[in-house]
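As written in TrEMBL, here are the features:
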REGION    736-758  region 'Disordered'
REPEAT    66-99  repeat 'TPR'
REPEAT    236-269  repeat 'TPR'
REPEAT    406-439  repeat 'TPR'
REPEAT    474-507  repeat 'TPR'
REPEAT    543-576  repeat 'TPR'
REPEAT    611-644  repeat 'TPR'
SIGNAL    1-26  signal peptide
Amino acid sequence: MPFKKLFPLPLLLVPLLLLLLVAACSDGGKNKEEHYNKAMGYLGENKEKEAIIELRNAIQIDPKYADARYQLGLLYLKSGDVRQAFAELQRAATLDPKNLDAKIKTAEFYLLTKKKEDAQKHIDEVLVQAPDNKDALALQANLELVDGKFDAAIATVDKAIAGAPNEDRFYAIKGRALSAKQQFPAAENAFLKALELDGKKLANHATLAAFYVERKELSKAKASLEKMAAAFPDSSQPYLQMASIELMENNPDAAEQHLTQALKVDPKNSKLKTAIADFYSKKGKFEQAEQLYKEAIQDTDKPEDAEAQLANFYFDHGKFDQAKVELDKVVAKNAKNATAKLVQAKFQLKDGKNQEALDIVTGLLGDYPKWSELFFVKALAHSNLKDFKLAKEALLEAIKLSPGFSKAHSLLALLSLQEGEFETAKKEAATALKINPRDFQAALTLAKGVLFSKEYETAEKMFSELHAKVPDNVEVLGSLGLTYLAMKQEAKAKQTFEKLLAVQPDNAKAFSFLLQLAQKSGAQKEALIKMTQAQIDKAPKSAGLQILLANLFLSAQQPDKALELYSKAQELDPDNPQPYAMSALILTRQGKTDQAIAEYRDLLAKQPNAIGAYMGLGSIYEQTGKTDLAKEAYQKALAVKPDFAPAANNLAWMIAESKDPDLGEALRLAMTAKQQKPDDYHIIDTLGWVHYKRGSFSLARNEFVQAVQKQEDMPILRYHLALALYGEGKKQEALASTQPFKEKEEAAATLQKWQSEQ
């Protein structure tokens with residue numbers, strides 16, 4: 001079958017198709033305008049949802065319809081849909097470069113999201129077209145403030161004020177810039193001017209009050225907030241700020257009154273209820289707090305945050321099962337909920353997973369840098385990891401952000417006490433107790449701070465009061481016993497420690513004080529051993545008591561019996577380093593170095609960061625001539641604690657004495673050791689020796705002089721001093737320095753050599 005020949009469309013049809021296409025475009029244009037006009041009509045009738053639909057229809061017909069996108073962006077902004085608003089306004093600004101408002105609002109979005117370069121680009125585009133545009137000038141001034149360009153910000157805002165002298169917002173910006181320059185009187189005048197121009201704007205009152213709070217002018221802040229409360233009787237904000245000030249002054253009762261008033265003003269505000277519930281929780285008013293959390297959940301369409309805060313509340317008060325139930329509810333809805341993640345971090349702490357907890361809170365702090373509780377959890381994790389410096393730094397930040405945070409004050413007091421900072425401990429514990437009088441740990445820390453400050457009579461009174469409230473608390477009994485010892489009231493001390501042991505028979509520390517008292521009263525070794533064996537009969541699983549008995553046998557020159565008891569202690573408490581270290585010490589003295597090394601290695605298998613074990617190994621290896629292994633042991637100790645003076649000192653000496661020594665590294669280590677222990681003559685001597693080996697004889701001499709001054713009767717120090725003096729060319733002084741120890745073989749040889757050179 002022959003194929004039909006295909007012909008092109010007749011030329012007459014082409015113009016007809018073009019006409020149809022033009023007509024179609026013309027109809028689309030008409031529909032676009034109809035949708036837009038209909039949307040504007042709906043806006044006049046406050047029918048915003050209908051207007052949004054019509055504007056979308058218009059954009060569907062013409063995606064480049066700038067006016068429709070602009071109006072749609074404004075509607076999204078009004079409805080709180082920030083993401084959609086930004087997308088539409090940004091598109092409108094691109095499609096219509098003359099739409100300055102779209103550019104300004106886009107720049108605002110960029111500034112809020114810290115995209116400063118994009119914000120600056122849009123501001124510049126506006127100012128090129130309208131150099132005096134007040135909105136663009138306001139944005140420019142804010143951007144300069146963020147960049148720390150305070151003079152530029154003031155100049156920009158002054159230009160805006162020149163064009164619009166009665167707009168309060170410009171004076172608020174100027175006040176912030178002047179405050180940043182620490183021109184506080186001028187800043188105050190600017191904030192007052194903003195308030196004068198518009199006293200009906202809540203933000204102007206709040207900004208002035210915040211300025212006074214930052215300046216610690218709290219009486220002015222309170223007066224400002226009272227005026228704010230009178231001007232805005234339906235707002236809870238002034239009462240919340242007043243409560244914050246009272247907490248700064250450690251007046252929790254006054255703060256509670258303001259919070260109660262805030263709740264009266266705004267009884268259905270779920271966020272307010274959770275804030276007040278948190279306050280009640282910290283004050284120990286558990287029932288009121290729980291009730292408010294539950295009301296907050298009922299009062300909101302999105303209960304997720306309140307549920308997460310309830311989970312946090314339950315966790316803090318030891319109701320872990322209930323906390324888990326609430327936490328699971330939140331995570332099922334939103335696994336990224338910040339408060340839920342905080343509670344997850346707390347569960348990690350509870351399970352001993354401190355690094356995992358740190359990872360969570362560190363991530364959260366990137367988004368919430370002023371959330372005090374995150375810093376508190378961070379402090380707990382660091383404290384558990386024995387990094388007390390970082391723990392205290394986190395606590396100070398928590399207190400700075402939330403001065404009324406009683407638990408932060410209490411923990412800071414405890415850490416300060418442990419580091420011997422007794423005045424700080426007392427101050428922080430007293431602050432914690434003022435905020436929360438129910439804080440038992442703070443009360444105990446305060447009493448201990450008083451004890452360690454040698455205020456014995458006051459301490460005795462405080463511990464006695466605590467003992468009356470909690471008669472079986474062993475920590476209180478132990479502290480009271482120590483107080484009696486300090487007061488030389490040994491009969492009362494003995495009676496108190498016996499009470500403690502009746503409650504807790506395996507308390508080795510309390511029993512050690514009874515041993516000391518018995519020894520002081522004349523008890524011999526045999527009696528002390530029998531006394532300890534009798535206590536072990538009451539608590540046979542106490543590793544601490546086994547160690548005490550082992551120590552007694554060791555002091556009675558019965559090392560084999562001591563070894564047997566240390567071994568028993570290891571079985572009872574495998575993670576306690578003391579019995580391993582003592583066993584290794586005995587074995588080393590007995591020449592059983594292989595067994596001693598095995599003891600240290602067993603300890604390191606259980607506690608890889610046991611510095612004492614590395615030091616013990618290093619010492620054994622040094623004594624047996626295994627210098628490489630000794631160096632390795634000291635290096636591992638320094639890996640755990642880089643500024644550990646004994647390891648740094650020993651390693652510095654070994655490096656200096658080695659073949660082809662790295663004297664730069666030896667010097668670094670020796671200086672590290674001296675920085676930590678500047679009065680230790682062994683360490684001073686090591687630093688001097690490294691200087692000597694480097695040929696820095698005058699520096700060496702300075703160190704050796706210090707060492708000799710601290711330990712005049714040690715010949716080796718005088719010998720080293722003589723070597724340094726000789727190196728400086730001071731031969732007579734060197735010879736004079738050798739006289740006190742000329743009987744020493746090496747010194748005698750050196751002396752003979754020097755004398756032959758005379």
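Heads up, the Cβ atoms here are built off N, Cα and C, so glycines get one too.
The average pLDDT computed for the repeat 'TPR' (236-269) is 87. Remote same-chain partners of the repeat 'TPR' (543-576), defined as residues 6 or more beyond its termini with a Cβ less than 8 Å from a stretch Cβ, comprise 506-509, 511-512, 515, 525, 528-529, 532-533, 535-536, 582-583, 586-587, 589-590, 602, 606-607. Broken down by DSSP into helix, strand and coil, the repeat 'TPR' (474-507) contains 27 helix, 0 strand, 7 coil.
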